Every structure is written in C-alpha cells, then in structure tokens.
Amino acid sequence: MQRRFGRVGTILIVALLLLITLDIWGYWERPQFAESLLNGNITWLLTDCVSEAALVECSPDNKRLSHSLPSSAVSVSRQADQFNTEQFVTNQKLFGRLPSPTEPSLFSSPDAVFLVQVHNRFENLRALIESLSRVRGIEKALLIFSTDFFSGEFVSLIHAISFSRATYIYFPHNNQVFPDLFPGRDPRDCEANVSVQQ
C-alpha cells in the first residue's frame, strides 16, 4: 500500500531536514539567530533584496549594504558563507513570506520547490528563467539556485526574477576559490594517465 504525505507532510520533512542541517552547522549559536528569532525570520532570515551594479545584500533589519565582488579566495569563501547563512528570499512582498517557527502559517508555503544547479553558463540560466516564467502556477513555487561559481551576474539574474520567490546558495569549496588545491588541480596530484601500479 503506497502512502502519500501531501503538501503539509512534505513541508514538515523539508523543515526537519533544514533544522538538522542548521544544527550541524552550529547555526543556533550564531548571534544573528537571536535577532532573526525576534523578527520572526528564524529559518530563512527573510528580506527582499535588489541587485545593482555591485552585489547588494540586506541585513535582517532591512538595512542595505553594498559590497563589491571579492577578489581573493578567502573573501569569496567568506562571502559565499555569509550568503548561505542569511538565505535571502526575493519577492516575498509579492508572493508572501515563507513560514518560520514564530509565524508557522502555511498560507504562504510554496506548493513546489525547484532546485537548480548552475555553474557559469549564464545564457543557459537566462533561458531557463525565461522558460520558468511561463510555467502555470510558478508564482506559488520557491526557486533555489545553487552554484559553485561566485559572480555578480549570477546574483543579478536571480534578483531580476519577478514571477516567483527565489533564493540562491553557494558551494563554498569550489574550483574558483581553490584552483590549486582540491577540488581544483593540485600540483601534487597524479597525472590523469597514470596507471594504478605507478
């Protein structure tokens, strides 16, 4: 007998997985957690952001901060970690805030969550976003874009989405940040054509 969870069951499972992940990362001990709890934004730290010439981010109290793209690997990694921690969700004023433990209303819960992995093919991403904009009911979904390439163009594309709520996450240990170490090509690595015996 096959059992179906339904929308509420699926949301509860996703919320449980998110809470376990945040616990593993030690998120509950971070200082912004207490502030986000008071604002009712515990899990998502909900704010709407707008991208301009530089990367633009919003703090939990909606103050705008502008940061130019980081140049060193350390600052790229830190910036990626900051974006991942704060998890900005766009278009919440249009489509409703995501539920949080202090505001558990399911009226604004997404009907579907789309996770899209992107590298640096921004023309393909533009085409995908254009295609998604024509999907019936997309305004009830949450789009999550995951990338291993830190770029202002990527952020601009995500913030230009006006038909659905959207957010992005970065893979912090990538070839862009570590080109000469794992996962990039380490000079101490074996050659690709070396046999097992060598």
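Placed from the backbone N, Cα and C atoms, the Cβ positions cover glycine too.
Automatic prediction, not curation, is the source of TrEMBL annotations.
What TrEMBL records for 7-28 is transmembrane segment. The substrate binding site feature in TrEMBL is assigned to Q117, V118, H119, N120, R121, D148.
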Non-site residues, in chain order, whose CB comes within 8 A of the mean position of the CB atoms of Q117, V118, H119, N120, R121, D148 at substrate | L125, T147, F149
Looking at the binding-site residues H119, R121, which one has the fewest other Cβ atoms within 10 Å of its own Cβ?
-> R121
Among Q117, V118, N120, D148 [binding-site residues], residue with fewest other Cβ within 10 Å = Q117
Express in Å, rounded to the nearest integer, the largest CA to CA distance found among the substrate-binding residues Q117, V118, H119, N120, R121, D148 named in the record.
-> 11
